[in-house]
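As recorded in Swiss-Prot, the features of this protein are as follows:
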type	residues	note
SIGNAL	1-26	signal peptide
TOPO_DOM	27-53	topological domain 'Lumenal'
TRANSMEM	54-72	transmembrane segment
Amino acid sequence: MSALFNFRSLLQVILLLICSCSYVHGQWPSLLDRYKNHEVLGAFWKMARVGERASPYVSLACILMAISQFNS
């Protein structure tokens, strides 16, 4: 089933995007900063911002998602 129609899969994709964008922004900040004001690519910069500012909550959500994946 597509991740668009399954809420659990959609949440997992969003969490993975946030974690990946935060990692990329931490390693190569200029890569995402140059597209900060771009309409489409600016979304990746925003996801990195969410991952940096809400990192304890994002980490907890990733841990809970991993536990739920192991249980299913």
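Including glycine, each Cβ sits where the backbone N, Cα and C put it.
Sequence-distant contacts of the signal peptide (1-26) (same chain, six or more residues past either end, CB-CB distance under 8 Å): 32-33, 44-45, 47-48, 50-52, 55, 58, 61-62, 65, 68-69. Residue counts of the topological domain 'Lumenal' (27-53) by helix, strand and coil are 18 helix, 0 strand, 9 coil (DSSP-based).
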